[in-house]
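Feature annotations, courtesy of TrEMBL:
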| type | residues | note |
| --- | --- | --- |
| BINDING | A:30-37, A:147-150, A:Val176, A:184-187 | ATP binding site |
| ACT_SITE | A:His37 | active site, proton donor |
| BINDING | A:Gln61, A:Gln153 | (R)-pantoate binding site |
| BINDING | A:Gln61 | beta-alanine binding site |
| COILED | A:192-219 | coiled coil |
Number of protein chains: 2
Amino acid sequence: MDTVKTIKEVREYIKQWRRQGLSVALVPTMGYLHDGHKSLVERASKENHRVIVSIFVNPTQFGPNEDLDTYPRDLEHDKKVCESAGASLIFNPEPSEMYFDDRCTNVEVEGLTNGLCGAKRPGHFSGVCTVVSKLFNIVTPDRAYFGEKDAQQLAVIKRMVRDLSFDIEIVGCPIVREKDGLAKSSRNIYLSKEERQEALSLNRSLRRAKKRLKDGERDTNIIKKAIEEEINKETLSKIDYIEIINSEDLKPVEKIEKTVLIAIAVFIGKTRLIDNFTFEMEEK
Amino acid sequence: MDTVKTIKEVREYIKQWRRQGLSVALVPTMGYLHDGHKSLVERASKENHRVIVSIFVNPTQFGPNEDLDTYPRDLEHDKKVCESAGASLIFNPEPSEMYFDDRCTNVEVEGLTNGLCGAKRPGHFSGVCTVVSKLFNIVTPDRAYFGEKDAQQLAVIKRMVRDLSFDIEIVGCPIVREKDGLAKSSRNIYLSKEERQEALSLNRSLRRAKKRLKDGERDTNIIKKAIEEEINKETLSKIDYIEIINSEDLKPVEKIEKTVLIAIAVFIGKTRLIDNFTFEMEEK
């Protein structure tokens, strides 16, 4: 498994693979890979002949007061994870390889990015969509794999691919959790021991919501209230958002009648974590 | 030469050609093809094994008070032009094939679109860049051919391709003119006999500017004044803009020291025409 830093080198690999008639998958990541990423690479290597993992802490998707500078990095560890999960190539560019100083092109997905992380992190999805478009144009994969933990990102990317006619299948993969239920995230490393304990409230509150839904509750305000109460039991936690939305257009719903996404973002101390689940209902 | 209306059919052709190792060119047009378009198709078929001409009057690049409804169409004529110029396939989609009702993705090129047609036609380049991105993703050409008459469009597309890492060579082709100097345009059909005569002022004014430049004039205000005077001799003409700009970043220049683009837009009656030329200077 090779690691390359330039677009040119990636394209040389791709051309070689294409000449052999091989299918190619892309797993875009910001590195510091955990078992969630690993599950994406494993699935991609089951479903494709070759898998490229991009490792790029994309500066344009971080806000001015966010954690770009402290975002954890460990390329040697990442290489081991990729290798063991069946990756064929790591693309690990410098920002200067990805962005010209006078770059002025952005890919914007409106509507779907108004709420949730889009509302709380202005410019975030513009950065995500633009860099993912670039990666798609560099790798030209048959399939690309994204985690369901970033549920809004997955919906936005799917819409972008549809709207811009990318000939790429977008595959969403289930959230991978620690044994105690905390969703795997590169940002979990930021948590102190006490915060790590408090962070369980995200998953716990969602499980409480899921139980209420299974018991037949359909009022989103009551469900939200249940989540809120559970998180507010903790002292270091601050709710960023609790949203119950249509899983396709990401618009808020009042009464749950179709499949919905229940998504939350919570600050545990300074660390912002997200979690979600989809509640499937048979369409009437 | 086949004509297809769906993305699926285009992709089937492309896959077949790629299996045979053939190179593919795209010539994006809005149809009603004239000798300018024909020159693009001819050059494309010289430089590539296969040429796809897209004929699509793209609604999203027209403003609310522009000529979308009256834009001239003649598919049978266009087919003959394409065939005789060496095209392999026409892609002639309906708007519903290109756009979902709930589409929400746009490709935006900032900066380069602030002046000239971008300033006068808000949303125009967003529509152009988005549809061209789609066409690029549908056709995945090796090369795409654009006329230099739409000089700003050509610069914007080049920038977009660079910024989004499309693996496509953008080829600009010279303006083709009527015998009397009027730049070929599908919109020339709108002109009355009298307006057709007046429209010669565009090219005439640019020739006057070119002469002043060759004589050593380097002050853009004096050059602009010369163009303005020439156009204002006519009674049905109204200047939309006269710009002298850096040919790469499209920023206005005051003193001409590097290669510049001299671009004008003039309303002849209700018809808006554009023309331009590039004045090349050796870089100091």
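Positions of Cβ are set from backbone N, Cα and C atoms, glycine also.
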For A:Ser186 (ATP binding site), what is the secondary structure by DSSP, using just helix, strand and coil?
helix
Would you identify the secondary structure of A:Val176 (ATP binding site) according to DSSP, in three states?
coil
Inter-residue C-alpha distance, A:Gly36 (ATP binding site) and A:Gln153 ((R)-pantoate binding site) (nearest angstrom):
15
Under a three-state reduction of DSSP output, how is A:Met30 (ATP binding site) classified: helix, strand, or coil?
coil
Spatially speaking, which of the binding-site residues A:Leu33, A:Glu148, A:Ser186 is closest to A:Gln61 ((R)-pantoate binding site)? Use C-alpha to C-alpha, please.
A:Ser186
For A:Gln61 ((R)-pantoate binding site), name the DSSP secondary structure in the helix/strand/coil scheme.
helix
Using other CB atoms within 10 angstroms as the count, which residue among the binding-site residues A:Met30, A:Leu33 scores least?
A:Met30
Any same-chain residues 6+ apart from A:Gln153 ((R)-pantoate binding site) with CB under 8 Å of its CB? Would you list them in sequence order, or say none?
A:Cys117, A:Phe125, A:Val128, A:Phe146
Taking just the CA atoms, what is the gap between A:Glu148 (ATP binding site) and A:His37 (active site, proton donor) in Å?
11
Please list, in sequence order, the residues in the chain of A:Ser186 (ATP binding site) that are at least six apart in sequence and whose C-beta is under 8 Å away from its C-beta.
A:Met30, A:Gly31, A:Tyr32, A:Leu33, A:His34, A:Tyr71, A:Pro72
